[in-house]
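Enquirer: First, the structure itself, so that you have it in front of you.
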Amino acid sequence: MFAPSPFNKVLRLAFGASLGLLLAKLTNSDQWGVFFTISPVLLLGLIPRLTPFVVLQYCTANLLAGAMVLLYSWLGALSAVMSLLVFVYFLWLFRLMAKGTLFVFAAIAIINGSIFLHFASYPSMDPGQMLSNALVAVLMALLIAGTMIGLFPVPEQPIQLPPAKAALEQQQQSLVAASLATLSFVVFQLLDLQDSLSAQASSILILLPMSFTGIVQAGLKRASGVLLGSAYAIAAQVLLYDNYQHLPLTLLAFFFGLLIFARAQQLEGPGSGVAFGGMTTMAIIFGQYVKPDQDLIYSALYRISSVSIAVVITLVLATLLYLPLERKSPA
């Protein structure tokens, strides 16, 4: 164990996500590598403390997200019914977030639920195989996060809770966010967008602040983070050239990039900002697309364009939905 230091949070993220990538490669889980890399980033990047209650929320949220995949495998052909269930799912979770209760449970269930459903839409996908790999990744992420927190302690800081929202504001924001999340689900089901995981995840992540101002700011930060994370992935492949398929070099490039973005997040402040967007982008690209038959540069460039389009469309729709509410709100 090292002495408590604020910089230890940077080391937690860099070592934790790199261990996730190493596990994915050693177990030949390339198809599900994103689960092994994104889970440690979410745990160590967004959650300040790993208490038993947080662990319970995290595990329960992933089980709920898995249950939605099973429902999709049974009701996927009934698109209208499934879309309604997805709307209710998101509405309930966003309502929990608006109330400020069970934040970790709601946020993880929203993020991973959307990712799981995205994978479940692949025609060749085996839901059982996907969920079993996701479960292993979740358990490994908890083990990694617990180990990293134990090895790299940081000084205790008080947790700042967001101010309470009025009941009407909770209802409006929950309804808008759930509508946009459901629309994202429907679009990515109807269109052949199998390689657009970053875009789909971005359209959900920027909704987490829930307020109109928060969504706009999150959208701009997310797009900037994806641009920077993709640029780093491109630079890493150019520098490594054909050697990027060698695991030690890939791990070193991933680790160094995480050090940069984790330090930037520390300077930027807690939460999902530009640096966090860069980290999640790196986790997706290195976890899912660093394979012998994949062009990392193409994947990174595709990520930039698809995320930009997804963010712009989401912001336009958020504006259209929030404008009538803003006009009706009392001055």
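Backbone N, Cα and C define each Cβ position, glycine as well.
So TrEMBL says this about it:
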TRANSMEM  71-94  transmembrane segment
TRANSMEM  101-122  transmembrane segment
TRANSMEM  134-154  transmembrane segment
TRANSMEM  175-191  transmembrane segment
DOMAIN    184-316  domain 'Integral membrane bound transporter'
TRANSMEM  197-216  transmembrane segment
TRANSMEM  223-241  transmembrane segment
TRANSMEM  247-264  transmembrane segment
TRANSMEM  271-290  transmembrane segment
TRANSMEM  302-323  transmembrane segment
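I'm curious about the neighbourhood of these features; can you describe it?
Expert: Among residues of the same chain six or more beyond the transmembrane segment (71-94), those with a C-beta under 8 A of the stretch's C-beta atoms are 106, 109-110, 113, 117, 120-121, 127, 173-175, 177-179, 181-182, 185-186, 189, 207, 210.
Non-local neighbours of the transmembrane segment (101-122) in the same chain are 34, 38, 42, 46-47, 54, 57-58, 60-62, 64-66, 68-69, 72-73, 76, 86, 89-90, 93-94, 130-131, 134, 181, 184-185, 188-189, 194, 197, 200-201, 204-205, 207-208; each lies 6+ residues outside the stretch with a CB under 8 Å from one of its CB atoms.
Counting only same-chain residues 6+ beyond the ends of the transmembrane segment (134-154), those with a CB under 8 A from a CB of the stretch are 1-6, 8-9, 11-12, 15-16, 19-20, 23-24, 29, 32, 35-36, 39-40, 42-44, 50, 55, 58-59, 62, 66, 112, 116.
Long-range contacts of the transmembrane segment (175-191) within the same chain, counting only residues at least 6 positions beyond its ends with a Cβ under 8 Å from a Cβ of the stretch, are 79, 83, 86-87, 90-91, 94, 110, 114, 117-118, 121, 200, 203-204, 207, 210, 310, 314, 317-318, 321-322, 325.
For the transmembrane segment (197-216), same-chain residues at least 6 beyond its ends with a Cβ under 8 Å from one of its own Cβ atoms are 34, 94, 97-98, 107, 110-111, 114-115, 118-119, 173-174, 176-177, 180-181, 184, 188, 222-223, 226, 272, 277, 280-281, 284, 288, 303, 306-307, 309-311, 313-315, 318-319, 322, 326.
Residues of the same chain lying 6 or more positions beyond the ends of the transmembrane segment (247-264) and with a Cβ under 8 Å from any Cβ of it are 7, 9-10, 12-15, 17-18, 21-22, 25, 45, 228-229, 232-233, 236, 239-240, 274-276, 278-279, 282, 286, 290.
Remote same-chain residues near the transmembrane segment (271-290) are listed as 13, 17, 20-21, 24, 30, 33-38, 41-42, 45-46, 197-198, 201-202, 205, 208, 218, 221-226, 228-230, 232-233, 244-245, 250, 253-254, 257-258, 261-262, 264-265, 296, 299-300, 303 (criterion: CB distance under 8 Å, separation of at least six residues from the stretch ends).
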Enquirer: Using DSSP, break the domain 'Integral membrane bound transporter' (184-316) down into helix, strand and coil residues and give each count.
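Expert: So the domain 'Integral membrane bound transporter' (184-316) is made up of 109 helix, 0 strand, 24 coil.
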